[in-house]
Amino acid sequence: MSRSVLLLPGDGIGPEIVAEAEKVLHKINDKFSLDLTFDSALVGGAAIDETDVPLPDETLEKARKADAILLGAVGGPQWDSLPMAVRPEKGLLGLRSNLELFANLRPAILYPQLASASSLKPEVVSGLDILIVRELTGGIYFGQPRGVRQLESGERQGYNTYAYTESEIRRIGRVAFEAAQQRGKKLCSVDKANVLEVTVLWREVMEDLKREYPDVELSHMYVDNAAMQLVRAPKQFDVIVTGNMFGDILSDEAAMLTGSIGMLPSASLNSEKQGMYEPCHGSAPDIAGQGIANPLATILSVAMMLRYSLNEDAAADAIEAAVSKVLDQGLRTGDIMSEGARKVSTREMGEAVLNAL
Ligand SMILES: NC(=O)c1ccc[n+]([C@@H]2O[C@H](COP(=O)([O-])OP(=O)(O)OC[C@H]3O[C@@H](n4cnc5c(N)ncnc54)[C@H](O)[C@@H]3O)[C@@H](O)[C@H]2O)c1
Ligand SMILES: CC(C)[C@H](C(=O)O)[C@@H](O)C(=O)O
Ligand SMILES: [Mg+2]
């Protein structure tokens, strides 16, 4: 049965890292006879430059039909002065909301070879394996009303709305409880229930769900404490579930525990397990075009695609093993470089993964 993968390289380092991940996908396709077909489309700033909008109808149509999507990154300073509604980031947010990709899985795993690349002491991070489950289509990112308005005083006021319905909380809660069941059976729900009513409801719904998952130990933590605990003692966590904005912030923080943001993949799934896969990092305008970005988060996102949307666990395992092998060989892009290792370019890293496969 043929399945289709849509490639959305996007902006900045996006095309550089997706090019390497694409080679890996082709190789895996042949090696495991997966019968995958490929297409590509414009999103973000690249789409704005060609079509004036960050998410052209054609891209959305292709995305709806694809079994899985691989996205590089969107955004960059040249589009930062555009109105909010037509910025590159709206292309990404539009894909997430139109495809109802509400469940964002961001695994922070420390490859033992990179213990010294982390900014934390090796004993604090060695063996780290946590999963952040971030709600992706609700919360303050999408709440209405929003905007900038003129007050009677003449002053302008910016405002956003932080809202979650019970059903939105329940469906992301179930994903997180089920993930915890498959792992260490510990779930920490992160909120700000001491200040925000929306997260009082969040906590209530999580408590309610707990009854359906008696084998999972549920705890709650305020987000400020969670940010601190993640650098103090990150291994206390197994699965973390949280809302859209807290999850955005905590996952970048967790990335650094693994050595670099260039190592953190992600899956964004809807209830049919259709998924969009992307590295957690952005378009890195500061290093774009130099051929030095780390492609491993994107290559590891391909492994997540094979596992979650295409049900090809053996192929996913092979990619993860190949990544581990190149790290064993001492190959490092600049972001994970340490003494005694060999510094390589984006392309050399991609080639090394291909060879290891
Ligand atoms: N999913 C996405 O498409 C996504 C995610 C985050 C940010 N963005 C956008 O990206 C642009 C830049 O945002 P930012 O600078 O805040 O975050 P960023 O993640 O792009 O970069 C932060 C820092 O990490 C480094 N970095 C990121 N990815 C790397 C990689 N693969 N290898 C080596 N180093 C890497 C960058 O060089 C930079 O110093 C903005 O327009 C933002 O909106 C997009
Ligand atoms: C680019 C931006 C819209 C996006 C987000 O905030 O979700 C990014 O930071 C991410 O983490 O995927
Ligand atoms: Mg982010």
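Even glycines carry a Cβ here, placed using N, Cα and C.
What TrEMBL says about a protein is an automatic prediction, not a curated fact.
Taken from TrEMBL, the feature domain 'Isopropylmalate dehydrogenase-like' applies to 4-353.
Under the heading NAD(+) binding site, TrEMBL lists 76-89, 282-294. Over all protein chains present, the Cβ of MET84 (NAD(+) binding site) has 10 other Cβ atoms lying within 10 Å.
Feature annotation from TrEMBL assigns substrate binding site to ARG96, ARG106, ARG134, ASP224. Summarising the environment of ARG96 (substrate binding site), the number of other Cβ atoms within 10 Å of its Cβ, over all protein chains shown, is 20.
Here TrEMBL flags TYR141 (among others) as site 'Important for catalysis'. Annotation note: TYR141 (site 'Important for catalysis') sits in a helical segment as assigned by DSSP. The Cβ of TYR141 (site 'Important for catalysis') has 19 other Cβ atoms within 10 Å, all protein chains considered.
Taken from TrEMBL, the feature site 'Important for catalysis' covers LYS192 (among others). LYS192 (site 'Important for catalysis') has a Cβ environment of 19 other Cβ atoms inside 10 Å. When secondary structure is read from DSSP and collapsed to three states, LYS192 (site 'Important for catalysis') falls in the coil class.
As annotated by TrEMBL, Mg(2+) binding site applies to ASP224, ASP248, ASP252. Within 10 Å of the C-beta of ASP252 (Mg(2+) binding site) we count 15 further C-beta atoms, all protein chains included.
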Chain-mates of ASP224, ASP248, ASP252 with C-beta within 8 Å of site centroid, Mg(2+): VAL223, ALA227, MET245, PHE246, GLY247, ILE249, LEU250, SER251, GLU253
Largest inter-residue Cα distance among ARG96, ARG106, ARG134, ASP224 [record-listed substrate binders, Å]: 27
ARG106 (substrate binding site): tally of other CB atoms within 10 A of its CB: 24
Where the C-beta lies under 6 angstroms from ligand 2, the matching recorded positions among PRO88, LYS192, ASP224, ASP248, ALA288, ILE292: ASP248
